[in-house]
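Enquirer: Handing you a structure now.
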Ligand SMILES: Cc1ncc(C[n+]2csc(CCOP(=O)(O)OP(=O)(O)O)c2C)c(N)n1
Ligand SMILES: [Mg+2]
């Protein structure tokens with residue numbers, strides 16, 4: 001009887017093309033925006049998109065599409081959706097896929113493929129995108145049977161967004177978009193081999209409670225896992241309950257309020273003195289959702305040498321990968337923290353430790369010597385922070401400006417910071433801002449970019465103008481590949497090999513060519529004026545800030561050194577002179 005009903009339902013279901021299945025699946029997933037670029041292999045999909053009612057953003061390069069999808073995912077917490085054509089369209093998204101993989105961003109990416117019958121024949125615009133992207137996707141599919149398509153899309157959304165998020169690729173041969181099949185999207189996802197552990201093991205939690213009760217110098221290192229799990233509130237609750245100071249990784253910023261007395265700042269290569277010294281001196285290190293990246297740990301030989309290490313991570317492969325870990329806890333960060341705050345146990349006595357840390361904070365804050373005759377990049381970020389009440393979404397590119405933004409924009413709220421951490425992808429900042437603005441239409445979005453990185457994806461200004469997204473593009477223009485120049489100055493005897501670009505284009509004119517308002521500033525006074533003007537306008541504005549080319553980011557842990565060996569730290573009185 002039941003079987004008959006199922007059979008009847010099957011018969012009632014109309015047959016639709018693969019392209020239409022894709023559209024229907026995206027609607028069922030409540031996808032708000034698709035970032036993409038058409039081409040031969042995806043023409044049937046774009047034809048169905050035409051009157052689908054779905055919102056599609058035509059970026060001006062596929063790299064722009066995937067970074068925009070990453071920005072959207074980072075701010076909304078929802079998967080970013082991308083469509084690219086076969087061959088060059090598909091290979092143009094390789095950098096973005098790697099970026100999303102490294103930074104655990106949920107994406108569902110559709111690539112067109114040549115027709116099934118010619119796969120492997122070096123057909124026009126054929127690229128083995130599955131082979132190319134195997135190591136840089138969380139999972140990938142190629143559709144071989146039209147009847148599989150709905151199930152594949154359903155699984156892709158599930159895999160991208162659960163456990164440790166990541167990019168999932170679906171490669172669709174052209175014939176699969178025109179063939180027809182039955183569309184059944186209501187089925188449950190059944191993946192016996194993929195069952196992420198969400199809840200922590202109780203015995204491991206008890207071990208951590210015990211370790212905390214005996215610790216004299218505990219510290220929490222919180223990474224982006226806290227943000228992915230929406231666990232900021234629980235993190236604050238736990239840190240306050242136990243009186244344990246908190247340090248962030250670059251990607252974790254905003255997970256814990258920057259103005260909280262227990263916050264020590266960012267750790268790592270350009271971290272604060274206090275955060276790095278706390279990691280060096282601590283006796284218990286609780287890593288929550290960070291992956292002990294080498295930019296955070298410095299030389300592992302000197303990393304947290306006296307600490308018992310506990311690591312809470314949803315991805316078991318991260319635990320013990322770089323740092324020997326005594327207390328592994330495989331769990332979603334929120335679930336683990338919820339359980340931790342409800343445990344009974346003697347809290348650590350951290351009074352003496354906190355007093356020491358506060359002394360360091362007072363004595364060695366992030367500091368710079370201001371010079372109002374120029375635009376000081378650190379001052380520029382502070383001004384942006386003040387003018388936006390610390391509430392802007394800040395996207396960055398990669399280099400010195402990225403580090404200044406991380407150091408001087410005090411993130412007090414989660415999901416406001418969009419940067420390429422793991423891969424360090426120049427060209428990320430501008431397109432990511434498009435996705436971020438579409439994810440939060442009312443937010444003030446500031447895209448802080450370098451003069452060099454900006455030129456890698458600046459064609460996306462066209463999208464910003466077309467959609468009238470009120471993004472403020474801030475170019476920290478040091479006429480150089482600043483971070484490369486800094487390393488050459490410090491480690492290559494000032495041999496500035498291909499890092500100086502004294503003849504950058506006129507960025508103001510460039511913006512004007514895109515019909516975007518633009519201003520330039522060369523002094524602090526000019527900077528204040530143009531910033532005020534820009535933030536008063538509800539439209540895109542590009543700002544070109546000329547800063548000195550020889551400005552360096554400090555403090556700095558030189559490559560190969562331990563965190564305690566950072567240079568460029570000056571006692572407060574000295575740096576302010
Ligand atoms: C795609 C890419 N190519 C090269 C690099 C290496 N790299 C890191 S920072 C940097 C300089 C960036 O210059 P700019 O965008 O002007 O930023 P600045 O450091 O001057 O603030 C380079 C070349 C990179 N991170 N990404
Ligand atoms: Mg530069």
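Glycine is no exception: its Cβ is also placed from the backbone N, Cα and C atoms.
Curation plays no part in TrEMBL annotations; they are all automatic predictions.
The annotation domain 'Thiamine pyrophosphate enzyme N-terminal TPP-binding' is assigned in TrEMBL to 18-130. The domain 'Thiamine pyrophosphate enzyme central' feature in TrEMBL is assigned to 205-340. Marked as domain 'Thiamine pyrophosphate enzyme TPP-binding' by TrEMBL: 397-545.
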Enquirer: Across the domain 'Thiamine pyrophosphate enzyme TPP-binding' (397-545), what are the DSSP residue counts per state (helix, strand, coil)?
Expert: 63 helix, 26 strand, 60 coil
Enquirer: Summarise the domain 'Thiamine pyrophosphate enzyme N-terminal TPP-binding' (18-130) as counts of helix, strand and coil residues per DSSP.
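Expert: Its residues fall into 55 helix, 18 strand, 40 coil.
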Enquirer: Quick one: DSSP breakdown of the domain 'Thiamine pyrophosphate enzyme central' (205-340) into helix, strand and coil?
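Expert: Its residues divide into 53 helix, 28 strand, 55 coil.
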Enquirer: Averaged over the whole of the domain 'Thiamine pyrophosphate enzyme N-terminal TPP-binding' (18-130), what is the pLDDT?
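Expert: Here the mean pLDDT over the domain 'Thiamine pyrophosphate enzyme N-terminal TPP-binding' (18-130) amounts to 98.
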